[in-house]
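> Take a look at the following structure, please.
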């Protein structure tokens, strides 16, 4: 084999063939179409060597087995037939691996996903390391696809149909011990002995196929299967609202394989893969994947980042505690928390303890790893321990004089190079830096709640922020596991600015008599994870509406909400889930009682609560205002690109990923259609729907947000 091959064969003295996987020039192994010839050449050598006792496939990369197939291959397909052929080629290659006459072992360390797991499933046995980096899964559904190289057929036969359905329909990734319990792997070992353990397994005679648990055998039979698939179809339809065609095809293909045999199953899998690859949903989901990958590579500015060895946090509340956790436990950086009292510090420490203890209980980490991570977090009621911090994140109340005071204190007590990053959601960063001695080192870093779950952060430089400050802050966000977008220092920044008109319109429809559950259901049907009214309950009605006056002052009446309604709700001490009183009823511990609306809400705002609009009309009214505002943000350069705008909306507020983000969605609709729809709505509901100048210009010139030079392909 040549040195440029991604697959290298070495026959050991004990007659076990070790195939090392190492894609040249890449940090991560991915499967590409051109590798098929390399693998087939190796398989030919293995078949011809009659002295071989077994084969081990192992990665030569430091922390991944195979992270999946190269998604660019799908983008190169011009039609469903070409994509189907791609799947059949993958199926054939996996069949050749499975047909080898000697035991074949997959030795897995790190990510084993998508096509990587399909290759491992084609092996006769699998063994993996107990490392936290080791995860196994089939995430193709997240790209609007299904596993196309035999995964839908081999996985149910190995782990059982219910486990396989759960894994493939959700794309969930199993850690080592979970994979062992499910029967996906045969053993879990330390990384230091992975190869030798795999070699020993390869020397053994091929063992009989694993016997499935009784429950899985019943579910695979005709009666159990019929019941299971009926329930899965119902549950999946409720979850996807029909917006993700891949889920229904996954269920069909798995059922076909079980009912009609694997040959029919493989055929159905390849056909479905080809057809799904051409759907607009898959194209949009792949575009989101490529865009997020590009954003994660974007350094934020041309300047090199400054030092980033330790971080300080001001405020130990909900946001401060969450920021401390992602900084220490995700980023591995020492964190010092300052709060005005020890209760705040203890709250922040408990926040991290609770999250880490949950990981220990679920066996994701060991107790000593929990203690090691927690030791990175310390606290104080003064600035002791802050003198050497490279960056300090402020997470105190939304009060401008207080935040300006924090800037002065940090400049006085920290190093000359220390960056001050404000977690404000509404105050201009330029105002926070107005009295700063070093305004070039002041920046916004807007996290979303809950911090440990929300993937997006907005990085907000003001007019005087230096390029190095931007680069350092972006670097920190990435270390925290976040996807950062750089946005301009204008009221509401980007995410809140496009979210508020959407929520305001939902409140306005409520005052017109539309029912809460009807409004929320309409937007969930459209593709949002929760409706706007429920979202307001979740984030806190007081918190969610606090920014409305700020935006109204900056941009005018189009940001006004029915003030009397908001005031009535807040005056009735309704803050949402956090105090158990909101638009919805809450049971014990803040749990909603089957999403039941509190009927008292209608009397409170003086309406009967009788819906007149269709779900489509409700969704259109909310979404069109969001899209119009997003176009304004693009025009005003609040965001740097359509890419950042799409990622910000998908990751920040759950804009439907299958639509690709607001800018891809507007491109799909066309600027002419956007303008016509907004004009129609403006005639019905008022000037807040008037199409912005950007859309009008684009309609006249027949332009799009995503230019012809920007494609769905990765770089």
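Glycine is no exception: its Cβ is also placed from the backbone N, Cα and C atoms.
Quick paste from Swiss-Prot:
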- 1-190: region 'Enoyl-CoA hydratase' (REGION)
- 118: site 'Important for catalytic activity' (SITE)
- 140: site 'Important for catalytic activity' (SITE)
- 306-715: region '3-hydroxyacyl-CoA dehydrogenase' (REGION)
> Looking only at the region '3-hydroxyacyl-CoA dehydrogenase' (306-715), what is the model's average confidence as pLDDT?
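Within the region '3-hydroxyacyl-CoA dehydrogenase' (306-715), the model's average pLDDT equals 93.
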> Near residue 140 (site 'Important for catalytic activity'), how many other Cβ atoms are within 10 Å of its Cβ?
28
> If I restrict to non-local contacts, at least six residues apart, and a C-beta distance under 8 angstroms, what lies near residue 118 (site 'Important for catalytic activity') in its own chain?
90, 94, 138, 147, 149, 150, 151, 154
